[in-house]
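*Asks:* Sharing the features that Swiss-Prot gives for it:
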- GLY148, GLY149, ALA150, GLY151, VAL152, GLY153, LYS154, THR155: ATP binding site (BINDING)
Amino acid sequence: MNQGKIVQIIGAIVDVEFPRNNVPKVYNALKIDGTAIILEVQQQLGDGIVRTIALGSTDGLKRNLIATDTGHAITVPVGTGTLGRIMDVLGNPIDEAGPITYTDQWEIHRNAPSYEDQASTTELLETGIKVIDLMCPFAKGGKVGLFGGAGVGKTVNMMELINNIAKAHSGLSVFAGVGERTREGNDFYHEMKDSNVLDKVAMVYGQMNEPPGNRLRVALTGLTIAEYFRDEKDSSGKGKDVLLFIDNIYRYTLAGTEVSALLGRMPSAVGYQPTLAEEMGVLQERITSTANGSITSIQAVYVPADDLTDPSPATTFGHLDSTVTLSRSIAALGIYPAVDPLDSSSRQMDPLIIGEEHYNTTQRVQQTLQKYKDLKDIIAILGMDELSEDDKLAVSRARKIERFFSQPFHVAEVFTGAPGKYVPLKETIRGFKAIVDGEYDHLPEQAFYMVGNIEEVIEKANKMTA
């Protein structure tokens with residue numbers, strides 16, 4: 001058993017001295033005698049000294065305490081016993097429901113599947129949210145980013161996606177809360193409980209109040225649990241299709257920045273860690289589908305100061321299949337979900353994948369919205385009366401499209417009092433195609449606001465004129 005002693009403690013950083021001929025590997029977990037604290041080796045400084053990051057508070061630690069090398073990385077429980085439970089970064093239960101019964105324990109540092117093991121599918125994943133299904137469709141086994149500044153609805157959108165997909169998909173989900181509000185974690189737990197889908201969700205939380213080491217590693221803990229479900233073959237000889245929700249990827253980067261500064265690395269652009277791209281790659285490359293099973297990941301990405309060129313969101317962009325950009329200006333109009341249809345994109349936007357009708361409808365909707373955007377300056381200066389009849393018609397349709405993108409959410413029922421709506425993809429395409437074809441030019445634009453399918457628009461318009 002390899003033992004060393006603590007020689008220095010600076011906040012979350014602990015230096016431990018081991019015999020020179022038996023230094024622990026980087027990422028090995030160290031246990032400290034008499035405490036529940038786990039240290040993770042980050043650097044080997046020479047002379048037998050390793051620099052570690054503490055996963056937990058270092059209060060009460062002192063020099064010369066004995067640290068034991070476990071000989072492996074941090075391990076967490078995996079298997080069906082994790083479903084319906086809330087765990088911390090080390091896999092300890094934090095929901096006061098007794099110990100977790102686990103099938104196995106896996107290390108959180110793992111290699112991504114090899115290139116020949118990976119599989120890509122082009123099957124669409126219906127979300128029931130009109131603007132997403134039409135403008136930036138999701139792929140099963142793909143990666144989706146929800147980009148947005150503070151308070152534009154990333155978490156609410158993610159909750160609705162979980163509500164819609166987890167129920168319809170009826171597969172397994174893993175939720176990793178990375179550096180977010182504890183209140184949101186609590187709300188999420190009760191939301192899942194009330195929806196009766198708790199037995200299909202494993203939750204891993206490392207919230208805002210926890211040390212940077214916990215927040216940096218909690219995403220890997222959640223991912224490891226998801227990988228087990230994907231890779232472990234059931235009676236049919238196949239793994240499972242898993243949904244992995246990460247809220248919030250930016251906090252993962254931020255925790256890496258804090259750890260990097262504590263380790264004394266020279267910061268790069270805007271104060272981020274020099275290893276930003278590598279750290280992001282380590283996480284994202286493991287989120288993939290194999291011939292055995294798939295991981296579909298939906299990640300909330302906080303955009304600092306609404307600047308999409310900030311290194312953190314910019315690095316995340318390259319790993320994603322679909323990007324859903326939430327806009328403050330659209331939220332200011334009272335249109336929720338505040339998705340910017342011209343700024344959101346998807347690799348699935350191909351007629352061979354989504355079909356001719358869907359593709360053509362989306363293109364026409366984009367053209368109409370772009371035309372309205374181009375005319376906004378003229379309208380602001382000269383007013384609507386100076387526009388040609390064609391332009392007036394385009395503006396009228398664009399405003400109807402904008403309002404038809406709004407939709408009442410199931411998870412927001414408690415706040416709005418309006419029952420949530422799930423709109424199938426076929427209904428969505430039919431509704432928007434009819435608007436751009438001019439079938440509803442005679443209806444007032446208010447009738448298109450906060451409804452489900454196009455039939456509800458007609459019903460609302462009839463009530464308004466009655």
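Going from the start of the chain as shown, residues are counted 1 onward.
The backbone N, Cα and C atoms fix where each Cβ goes, glycine too.
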*Asks:* In three-state terms from DSSP, label GLY148 (ATP binding site) for me.
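*Replies:* Strand, per DSSP.
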*Asks:* Give me the non-local Cβ neighbours of GLY148 (ATP binding site): same chain, 6+ apart in sequence, Cβ-Cβ under 8 Å, ordered along the sequence.
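*Replies:* Within the chain, GLY148 (ATP binding site) has Cβ neighbours under 8 Å at LYS154, ALA300, VAL301, TYR302, VAL303, THR325, LEU326, SER327, ALA338.
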*Asks:* Quick check on the binding-site residues: of GLY149, GLY151, whose CB has the lowest count of neighbouring CB atoms inside 10 Å?
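*Replies:* Across GLY149, GLY151, these binding-site residues, the one with fewest Cβ atoms within 10 Å is GLY151.
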*Asks:* Taking the center of the Cβ atoms of GLY148, GLY149, ALA150, GLY151, VAL152, GLY153, LYS154, THR155 at the recorded ATP site, which other residues in this chain have a Cβ no more than 8 Å from that point?
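*Replies:* The surrounding set, listed in chain order, is TYR302, LEU326.
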*Asks:* Could you find out if DSSP has GLY153 (ATP binding site) as helix, strand or coil?
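*Replies:* Where GLY153 (ATP binding site) sits, the three-state DSSP reduction gives coil.
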*Asks:* Under 8 Å Cβ to Cβ from ALA150 (ATP binding site), same chain, six or more residues apart: give me those in sequence order, or none if nothing qualifies.
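*Replies:* Residues satisfying the criterion: TYR302.
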